[in-house]
């Protein structure tokens, strides 16, 4: 029914959505904060890479390497100056603040860069492809999926093999008792948001080299990311990768039937999976 | 008499609009074990939470080794040398036994008596279960993890809130059997205990609390059953 090619392209697209979602998943897992500005922060990252490239003439890949620490600093500031002030028992204030932040970022980008569509020019690699058996695989999409797997792997190692990851999990379990261990939850949250925005910068690189972007596309990226996180199961990083792949596959298959159905098919897959598994594919045992 | 390692004076704390502590005084000498007994709601846990910086202090002073730590943030107080075994143990469910212990060392600044090896020697049952999730253990073993986790910061003062809650007598004895080594490791200890007999057995000094005040203090040998009864439930003359 679907060609092998369609399925491979869907898998690769899933890598991009997993990259959109990884930062969201990380932040939600640690501080139960849904960052509604996450998509806009990815778009902001794309403009940052664009700006660095334009100013210095370096390739988007090099610019992304510089954007990563800058985005970490932005995440740290965002968390310590703004989000830590509204985190608490009530989940509504942080939602409203990140919603407002989303509007501010979109309009800020609009003022600074106009509504024109832009693209990150990666050079000949954009059009390069390799034949894998009967399937032609684009080098950039393949790199996207490989990067997504590497990012999820890296975040898992960080989470489960390092002292910082231990502090992340302890704070997520019980922030009050974590303080009795000498952990400062607000600093842990700032680290988490910083790391989430480093991942957002990586996502921005692949977003901007894959297709055009403009200041208004953030919320749709947030939606795909959010669906990927929910499909995968809240708090599970490998689940988030699986969720991204599900959305990517569904969109590519939908588009193979009728190009108008691409976006719709992703949302339908989201609803279908939630009907069968309301807690997602890989829910964490402990909530 | 030496200077107290921990001294609490005139401590007052509120729990919302409700005043939970009314000018509590407490002193802990180096190497000493002090027990605080009292019924539910007497303010024992609030006192612990106020000392560790989790509950806000309305008035009064807390000094560690003469240094004023009143109103410091909880993480700073751990760093200064006060560790707590919280009521209900509060192990981190996402962490294994060993990770729960290691996170206790998060605040450690200097080497001391306590590390993974010495905690496993103190509670050998934990060694073979170290890869299990902390919450998969029996209640007594979870309590051992909670004590070990607090010791891992090499505290000078160890606060233990309701160690024996919900545990079988044989398990309680096993846990209190660790006290001599905890003392030898350099920690002075405050225990909150509902089991009066256990408190009298383990402590150098006993304080009885009722309705947010200390109603009776003394060495275990000096306190009569009747006096404790009156201080615990209120005098009924």
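We count from 1, first residue shown onward.
Placed from the backbone N, Cα and C atoms, the Cβ positions cover glycine too.
Positions annotated as transmembrane segment by TrEMBL: A:6-29 (among others).
According to TrEMBL, the feature transmembrane segment maps to A:36-55 (among others).
As annotated by TrEMBL, transmembrane segment applies to A:61-79 (among others).
The transmembrane segment annotation in TrEMBL covers A:91-115 (among others). Within the chain, the transmembrane segment (A:91-115) has long-range Cβ neighbours (under 8 A, six or more residues past its boundaries) at 32-41, 43-44, 47, 78, 82-83, 214-216, 218-219, 222.
Remote same-chain residues near the transmembrane segment (A:135-159) are listed as 4-5, 8-9, 11-16, 18-19, 22, 26, 122, 125-126, 128-129, 165, 168-169, 195, 199, 202, 206, 209-210, 237-238, 240-241, 244 (criterion: CB distance under 8 Å, separation of at least six residues from the stretch ends). Look at TrEMBL and you will find A:135-159 (among others) tagged as transmembrane segment.
Per TrEMBL, transmembrane segment is recorded for A:188-208 (among others).
Here TrEMBL flags A:228-249 (among others) as transmembrane segment.
Taken from TrEMBL, the feature transmembrane segment covers A:261-278 (among others).
Outside the transmembrane segment (A:261-278), and at least 6 residues removed from its termini, the chain residues within Cβ reach (under 8 Å) are 224, 227, 230-231, 246-255. Here the transmembrane segment (A:188-208) has Cβ contacts under 8 Å with residues 15-16, 19-20, 22-24, 26-27, 30-31, 35, 38, 41-46, 48-50, 60-61, 64, 67-76, 78-80, 83-84, 87, 118-120, 140, 143-144, 147, 151, 155, 158, 164, 167-168, 171, 178, 221 of the same chain, all six or more residues outside its ends. Tertiary neighbourhood of the transmembrane segment (A:61-79): same-chain residues 41, 45, 48-50, 52-53, 101, 122, 186, 189-198, 200-202, 204-205, selected by CB-CB distance under 8 Å and a gap of 6+ residues from either end.
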